[in-house]
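**Student:** Annotated domain 'Ciliary BBSome complex subunit 2 N-terminal' per TrEMBL: 20-126, in sequence order. Taken from TrEMBL, the feature domain 'Ciliary BBSome complex subunit 2 middle region' covers 165-272. According to TrEMBL, the feature domain 'BBS2 GAE' maps to 394-475. According to TrEMBL, the domain 'BBS2 platform' annotation covers 479-565. Residues or ranges marked as domain 'BBS2 hairpin' by TrEMBL: 577-674. The feature domain 'BBS2 C-terminal helix bundle' is assigned by TrEMBL to 681-705.
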Amino acid sequence: MLVPIFTLKLNHKINPRMVAIGKYDGIHPCLTAATQAGKVFIHNPHTRGQRPAAHRLSQSTQDNDISLLNINQAVSCLTAGTLGPNTTGHTLLVGSQTNLLAYDVHDNTDIFYKEVTDGANAIVLGKLGDIQSPLAIIGGNCALQGFDFEGNDRFWTVTGDNVRSLVLCDFTADGKNELLVGSEDFDIRVFREDELVTEMAENETVTSLCHMHGSRFGYALANGTVGVYDRTARYWRIKSKNHAMSIHAFDLNADGVVELITGWSNGKIDARSDRTGEVIFKDNFSSSVAGVVEGDYRMDGQIQLICTSVEGEVRGYLPASKEMKGNLMDASVEQDLIRELSQRKQNLILELRNYEENAKALPGVSEGESKMGVIPANTQLQTALSVRRATESQRAHIELNISTPNETIIRAVLIFAEGIFEGESHVVHPSAQNLSGCVRVPIIPPKDIPVDLHIKAFFKMKFHVFEITRQLPRFSMYDLNVDPSAVQPTGKVTFSINDRPQRVVMWLNQSFLLPEGIDSPDITFTALRGGGLLKINMQPSGEITLRTDDIDLAGDLVQSLASFLAIEDLQAEADFPIYFKELRATLTEVDEFHSVHQKLTAAMADHSNYIRNMLVQAEDARLMGDWRNMKKRYIELYDLNRDLINEYKIRSNNHNALLARLKSVNQAIQRAGRLRVGKLKTQVITACRDAIKNNNINALFKIMKAGTASS
């Protein structure tokens, strides 16, 4: 139980997920948050009366305890913590879509100001792997980049999509931090420095991550889902119609184990058990929660949970003392408990009535069902999965056939599956005229991921429910039936393994939806999503060739096979002519956009100088009473300002187009890496980045094809 101990009303609106606590002088904790119009406010009630020096930092006209830091561009993320080895206070780190600022608030000076091409959507500060110095790690446009206290680029790698959340955590329990990355492609990836350790697939954008304890961490998704993982095992998750704006780990009941605190878009704050997800505390703001942090804000030796709203309201909470806990059982918690028990009672009474009525004859039962309403003893749920090609009336899909071995009627079917159905569930309720012992459900997986189908079938009336779980293989949307006139794929990846063909056959039977078991690793599929062929061939020497024009599919196949065969390091040679041609055109466009960007920046600088000179001339004319020249200069100023605004719009469009091309380049590096496994994957990604930094495009394509620049 938490007890509110202070409330503040700050006259500044707060951007969601941009709140931090920093001890900038090494002693006093200051609440720091990003506001609109490119400003960061720092609330410091501990040193009233002190005025900041005249640099970036200025005193707020609304509140003497608040200082404003002018960033002059939209803030996208911020954090505070220890960055330098010899600094007494924390460093404030502020990210935007173009730059990263490391700022010494106490001395009111910039530590470094770095341009970041891929932008900064999320930021975390701390130690990573064997890198000795703390790093400010930012996640942006499909890339991760880490800077040390001097602004040196000490870490870089690519990830699958735009990064939305980051956290450092000892995921592998080896005493060193790994980096957990949540991105827009619905994956949570774990990096040991620049090596990908593992990844967990979710069904929406991962908006927040927080470390709890050990290898356990909390996560939040854009669709309102909140949950807890311990390594790759999900402990629990809940889903709300509201959005989780911020999550934080805090021990609210002083039992030595942290709970998951969640701030929601409707203003609700709740705390849930890390083991079960049960709500053990809740409170409400009048507006959406902006951030949840912790710190000794009253400087009395007790760490408070500090929650902020987007309207600038701040509340501090403390765990209730042992004496107060017995009296602080929240009335709302008691009411919820009574409501839950009453609901359970009603359900049990209803179930009892159902069983009593079940002994009576029911109209409309089939011959296979007993007239007394009893399900036959041999009734069981049977499922079958089969691939169905597209027709004029229906898209290509996987057909799930649910049936019984006798004539028992299936009244309805309920299927739970992540990432396939909207809302994660699907109900099939045949009309009374179409009732039978067989129900067919079309399933269209959007991506190549294994999915557990939790199936509930309702027999006769709602009292009889049979449950079964069936796994949909990862590569289920591929059909063995091949059109002889299909165009042969030009792309391929080739690698060698030290394993028997039978092991590859086992992987094929497990990963694909095959009508019957196969005994040879040489096989051809048709992709049902985008068309095209997939051909798999294995030589007696152990050389495997995967032929497909889809480089993403090739990477997924390599990673899946390597995981199945427990291969730690795997080198491969690849050639995807169509994709590489598109990539070469993208790189040419990147150079063109860079050139245009530089020209536009220079033109804007020139116009700014003209405006400055004309403004001086106009004011001189005004002071001298030369109204004709003053009017002339201000008309010229108006025209220049209009041109400047138009140039800014062009520059903004150019920048957005450049970001889109850079995203494609980063994703190409990621795809080239996924064609290899382990250290060789990391080497390919690093070598590709070096080739791009050196503008050596030929070396880049050699690395993507051969895995090394020297081959």
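Yeah, the Cβs are placed from backbone N, Cα and C, and that goes for glycine too.
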**Student:** When only pairs 6 or more apart in sequence are counted, do the domain 'BBS2 C-terminal helix bundle' (681-705) and the domain 'Ciliary BBSome complex subunit 2 middle region' (165-272) reach 3 or more Cβ pairs under 8 Å?
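**Tutor:** Between the domain 'Ciliary BBSome complex subunit 2 middle region' (165-272) and the domain 'BBS2 C-terminal helix bundle' (681-705), which are separate recorded stretches, there is contact, as judged by 3 or more close Cβ pairs.
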**Student:** For the domain 'BBS2 hairpin' (577-674), what are the DSSP-based totals of helix, strand and coil residues?
**Tutor:** 95 helix, 0 strand, 3 coil
**Student:** Using DSSP, what is the helix/strand/coil residue split across the domain 'BBS2 GAE' (394-475)?
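**Tutor:** Summed by class, the stretch gives 6 helix, 44 strand, 32 coil.
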